[in-house]
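Here is the structure we will look at.
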Amino acid sequence: MIVAALALAAMGLVLGLGLGFAAKRLAVGDENPLLKEIEQLMPGSQCGQCGLPGCSAAAEALVEGRASVTCCPPGGMALAKQLSDLLGVPLDAGQMGTPLLARIDDAQCTGCTRCYRACPTDAIVGATGQIHCVLQHACTGCAKCLEACPEDCVSLAPQDPSLDTWRWAKPQTV
Amino acid sequence: MFNFAHPRGGIHPAAHKERSAALPIGDLPLPPRLYLPLRQHAGAEALPLVRSGDTVLKGQLLASSPTELSAPLHAPSSGRIAEIGRIHAPHPSGLMVNGIVLECDGEERWTDLIVPEDPFEEAPEVLAERVAQAGVVGLGGAIFPAAVKLKQGAKHEIRTLLVNGSECEPYLTTDDRLMCERSEAIVDGARLIQHILRAYRIVIAIEDNKPEALAAMRVASKPYGAIEVAAVPARYPMGSAKQLIHEITGREVPAQGRSTSVGVLVHNVGTVYAIHQALRFGRPLISRVVTVAGGCVRTPRNLDVPIGAPLQALFDACGGLTREPAQLLLGGPMMGMVLPSIDVPVIKGATGALALARNEMPRREAAPCIRCARCVDACPMGLMPLDMVAHARVADFDGASDYGLRDCILCGCCSYVCPAHIPLVQYFQYALGQQDEQRQAARKSDYIKQATEARAARLAEEEAARKAAKAAKAAKARQRRKPAEHASSKGVES
Amino acid sequence: MDYLLFLVGVVLVNNMVLVYFLGLCPLMGVSSKLDASISMGGATALVMTLGTVASWLIEHYVLQPLGIGFVRILAYIVVIAGMVQFLEIVIRKSSPMLHRSLGIYLPLITSNCAVIGVPLISVREDHTLLEAGLYGFGAAMGFALIMVIFSGLRERLALATVPAAFAGVPIAFVTAGLLAMTFMGFGGLI
């Protein structure tokens, strides 16, 4: 019995020492190459819609599995798909919300320029005293303009259907 | 089975062409209002040049094209612009699109047309530009601007100009009647296009179920050399460019390639006629021949219709509808667009207006696929529709692409032959739509990334500029202070 | 020739997965994508071969001389776990690419019953060192083969219209059962 315990202890000791030594000798930098890759994929607009402070924080959370691959609305389905491929996480398309876009109510806009200063993607154009306008192709729906607007004239809504965004539905069959 | 010189697959659907092909092309009584969508072509929306309330003449330019891939829009009749706003799109979605509403005054006063001299004397580029100005698009349904194709002659060597008169879709007889009645104009148009493209020969391909059109075109082309009228076997989809090229030249257009890569350019008979009108008489594309047919139409026939005429007017001119149609279609029954309502206008790409009865519709209840592979036999592109559907069904669109989804011409042969009534082509449309959406989303996220970086760079630049300005100001202030100090110290000295 | 027959016997006739029913968790868990199952098969093959050899050495130079055969399982687990860890460190240093494709599977393999089962069977059969190495390698090849076949089947299965009650894992189990029955056909080969 004692022999067995000693033998096992010795084996454990030898292996443990070997592992410790190997970990020291063969150590690689803490920099996770995956993290860098994911950071490059992120939109970089630091909009905070994922609930995390900035895109690099989101990338970190993704690598550690704290955030879902569908957490980034500006990246949309395209980004979610790339992330799920990279991280080997299954992608649940249903989790992705419909992208929202900002819209400015012409009647109430006073042209205060606050919203376009706040916009992280320069998606709002206008000048002092002129009605501002949202460029739909650059808007991420981050709602920063919503907070910045003193007149409460910015609203978020899904994009209006048009012939360019209309898609055939999946046929209903067995 | 090993006949590689001819296209594979294809189907023989019941033609239903007899009734409308028997009557000559009629004229549509001018409707009181014409509805003109600003986008009747492949590219971006045309830009309106008129205001509501303006009086316009027939043939006057109403909207100009912003890009190469768009086509301008002209007034189909004289009258007053009633409104520029939202009108019903001739589209399965039933959405509203931007358009111009023209209230006709019934006088049909033409604007001054620039009637060119002999077009054969002019440079091809000038002629191609004139076709672009006339707003001619592919009238076979592709609505691709014709001038873009004509300008290919300068870039590629075009050996054969293929005039597509095969008209393989059931019910439709517009090209058939056009070839019977206006054969000389078509031959002249084809010769003009040959001149523009510097093509070696012209082949006019007509399905062998149109003997009258074949005879008429043979007679009309007799005086000229290098025009061949070829009878091709009647089989759907013979009217598809790739299949027709394969049949006539024996060469297959490579996957995801264009017909120019095998030295051929295909134009529909209707387009050739429109080009003839534009180059000989300076007339823009403001009307087209439309087949009005289907089991619910009293007298199916072809009509010369001004663009923008409401569908209801077309059916009324053909004796009205005998009963409530089960389905309305713009175009043919195989590839046409299902319309949710009758309140839509005729557009440049509308080959037919069909009101189908219940008995003319396919069965809808689908059963599971049993892998009988009839769709594989029927596919004219040599694809495996059953595998493409299996991938599309589980939303694996990349997998479907691996099986050749991007080469699918959406002809619907597979759905037609499927014994389980699986709506294969609808699945492909769904899959292609989803892929488009993914691509659009990827493009947007790329753009957003660029915009974010640009903004960061701009902010950094502004910050640097502000700092530099501050530093300069401080330096200036220091410099101003220095002489003063100097003076004061001098003062102390003195 | 004997060794060749030996190898065929391990890979096909006495297949670890479908005849001994060892290593079923990765068979069900990591077989939905072909790429992943190839990586998993490769990683397991490496560990299984080395593990069997290392266990043989421990068995014949430590356990038997000291007469403590009853701690065999414990000792094997210690050795294999340590070895997998070591392997991970080495791979991470030498080839980050390989580490990315194998990395997440290596810790999984530590707890794989086939990896511990193969050395135990090898000891029971009184193999020589060469035989033990061959046995480990053959078993690993058999495992990888099944992983690849089964993931190919599952990729096709994902496209099939399966009745709702069978959709997902149930139909995968049915398929695995059918595959096992197929492999029974090799029974009379040797």
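Glycine is no exception: its Cβ is also placed from the backbone N, Cα and C atoms.
For the [4Fe-4S] cluster 1 site, TrEMBL lists B:Cys369, B:Cys372, B:Cys375; matching the candidates B:Cys296, B:Cys318, B:Cys418 against that entry yields B:Cys418. Matching B:70-94, B:470-494 against TrEMBL, the residues noted as region 'Disordered' span B:470-494.
Proximity to chain C, defined as a CB-CB distance below 8 A, holds for B:Cys369 out of the binding-site residues B:Cys369, B:Cys372, B:Cys375, B:Cys379, B:Cys411, B:Cys414. With a threshold of 8 Å between CB atoms, the same-chain residues lying at least 6 positions outside the domain '4Fe-4S ferredoxin-type' (B:360-389) that come near it are 7-11, 16, 237, 240, 242-243, 294-295, 326-327, 333, 400, 403-405, 407-409, 411, 413-424, 427-428, 431. As a summary of secondary structure, the domain '4Fe-4S ferredoxin-type' (B:360-389) carries 11 helix, 0 strand, 19 coil according to DSSP.
Listed in sequence order, B:Met384, B:Pro385, B:Leu386, B:Cys413, B:Cys414, B:Val417, B:Cys418, B:Leu424 are the same-chain residues six or more apart from B:Cys375 ([4Fe-4S] cluster 1 binding site) with CB atoms under 8 A from its CB.
Taking DSSP states H, G and I as helix and E and B as strand, the domain '4Fe-4S ferredoxin-type' (B:397-428) has 19 helix, 0 strand, 13 coil. The residues of the compositional bias 'Basic residues' (B:470-481), classed with DSSP into helix (H, G, I), strand (E, B) and coil, number 12 helix, 0 strand, 0 coil. Annotation for B:Cys372 ([4Fe-4S] cluster 1 binding site): same-chain Cβ neighbours under 8 Å, separated by at least 6 residues, are B:Pro419. Other C-beta atoms found within 10 angstroms of the C-beta of B:Cys379 ([4Fe-4S] cluster 2 binding site) number 26, with every protein chain shown included. With a 10 A radius on its CB, B:Cys418 ([4Fe-4S] cluster 1 binding site) counts 23 other CB atoms from all the protein chains.
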